[in-house]
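Per TrEMBL, these features apply:
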type	residues	note
TRANSMEM	25-42	transmembrane segment
TRANSMEM	54-77	transmembrane segment
TRANSMEM	83-100	transmembrane segment
TRANSMEM	107-128	transmembrane segment
TRANSMEM	134-152	transmembrane segment
DOMAIN	296-511	domain 'Pyrrolo-quinoline quinone repeat'
Amino acid sequence: MPDDPQTSAVPVDTASQPPVHSLRWWPAAALLLLMAALRYGLGSTESPSLSMMMLAFMGPAAVCLLILLWWCFGSAATIREKAIGLIGLVVIAVISVALMHPSLQGMATVIMVIPTAIALFAVALILFSRQPKWRLPVALVAATIGFGFWNLKQSEGVTGQFESQLLWRWQPTAEQSYLKELASRETTEPVDAGDMIALADAQWPAFRGADRNGVVRGAALMEDWDTTPPKLVWKHRIGPAWSSFAVAGNRIYTQEQRGDEEAVLCLDADTGRSIWTHAYPSRFWEAIGGAGPRATPTYADEGLFALGADGILMALDPTDGTLRWERDLKDDARRDPPQWGFSSSPLVVDGKVIVHAGGEDDLGLLAYEAIDGSIAWSVPSGDHSYSSAQLAEFFGTAGILMMTNQALQFVSIADGSTIWQHDWPVENYRAIQPLVVSDTVLIGTSLGEGTRKIQVLRNESDNQWSTVERWTSLDLKPDYNDYVVADGFLYGFDRNIFACIDLKSGQRQWKRGRYGNGQVLLLADADQLLVSSEKGEVVLLRANPEQLQETTRFQALDGKTWNHPVLVGDRLYIRNAQEAACYQMPLKKNETPEQDLAAK
């Protein structure tokens, strides 16, 4: 009997259906894992070398090229898919980059934007590898989302760990908020802060103090700020800059960016109110540090001297801000600004104003006459440095120390001639001050190079100078974070972790303080260390070579804080790229804030 047609099975002709055309997805998956390892593996290494950092930054972009090569030649996609996918990616990328916020264009696009979009493109292809109809449309939509996300963002720079600081595109930046506040400020009566005082009476006349060593004398702080907290004297918004303060009498001097103008400010130390402002057309911006000056004004008997990030060097009247003379390092040194801007805080000595410019041939270190700005001398001095010229003395001979990417040099104040030079060329940058300890000098270098101690020697019979390396230690690798010496031990930042090493051997004592890329002052008469953290905290430590001994802390500022703090008597002046503040610090009862009283 024949089968019931309603119940009999109908044979399926499987040969008549086209096979599912799957992509060869595993190479793309392997490349995505490699991209993640480069970005999050190498990038999170505690003390990466320059080559490791570059690999972590640029490696993911290189992997993107490999993913595109896989798509074109190793994915097993159809020729039509490959062509549409490649053309679609290019069109999306071009449109997105054209619409990108300026702060994310350039290297940020290569480092962050393109890897995000290409990674999403590859993930979609992997997930939909067995669905020919949907895989390419979904992948292009994913790439559009990857690019489009960054079109909604803007950058305010990075942290010391190179972590991006992002805002939504419609959010006002700290600088925009400050400019809006400036425009709405009511005109106030001028502040009378007294007459100009002599340099000898200026409490903190230059970057890191008169000796550029971050040492504070005559102050000892209470060590329980919960019981006796610092008192806020004033706090104001300020324009972006990585400048510190110079303090003379009841005036404090600093610099800032105001839109398309740089400005030198004179503020009343008791209120933070403006005494005068000297603004001039100039704007420097780069993706890591953002906008604004990098150097700190210098107070001297001859006047106030300041250098902007774009190279404008000026002499001002400290009492009212009147411009006396102005030079442009771009013209004088015949060069463009270095990658992170001109950063040399002026050194004023024997009637000369000395700054590093890094021009070719003999246009590296420049000395100007303080009275009129004419060039007194110029000498070769490396092609870039973010350090500042510094007065020093060895065996009774005074001279100028200058640390660059090529060497540490000690030159004559009179004519810039070399007295001695210690060669130590590096590929990356140097940004901190050399630290003189008797007849030795400490040279700090970032990104895996470490710190070196050299000894200066002089043969008395023929007056020949030389240097000898005593040790080079990888146990302290400062970036742009200066260190201090107390009782034979060096305290500072090993990249972003506070540490202590033995000054005799260069060997580590401890490494514990996770304060980010902050700064430190030494309260020499109290064996205390005052640390400003990258997150705006102020931390008090005891200078103890046996262990990290933190006694107290408080939150002083909001936002990324790379600027050097200043302590004068019982007044702490601290700032970052968005606000400045003054705190009255609790002194130990047997201490008198002599410097503060002198200022008043």
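Our numbering is plain: 1 for the first residue shown, then up by one each step along the chain.
Positions of Cβ are set from backbone N, Cα and C atoms, glycine also.
Counting residues 6+ beyond its ends, the transmembrane segment (107-128) has Cβ neighbours under 8 Å at 23, 25, 28-29, 31-32, 35, 39, 57-58, 60-61, 63-64, 67-68, 71, 75, 89, 92-93, 96-97, 100, 134-136, 138-147, 149-150, 155, 164, 287 in the same chain.
Residues 48, 52-53, 55-56, 59-60, 63-64, 66-67, 70-71, 74-75, 115, 119, 122-123, 125-126, 129 of the same chain sit 6 or more residues outside the transmembrane segment (25-42) yet have a Cβ under 8 Å from a Cβ within it. Beyond the transmembrane segment (54-77), the same-chain residues lying 6 or more positions past its ends with a Cβ under 8 Å from any Cβ of the stretch are 21-25, 27-28, 31-32, 34-35, 38-39, 41-43, 45, 48, 85-86, 89, 110-111, 114-115, 118-119, 121-122, 125, 136, 162.
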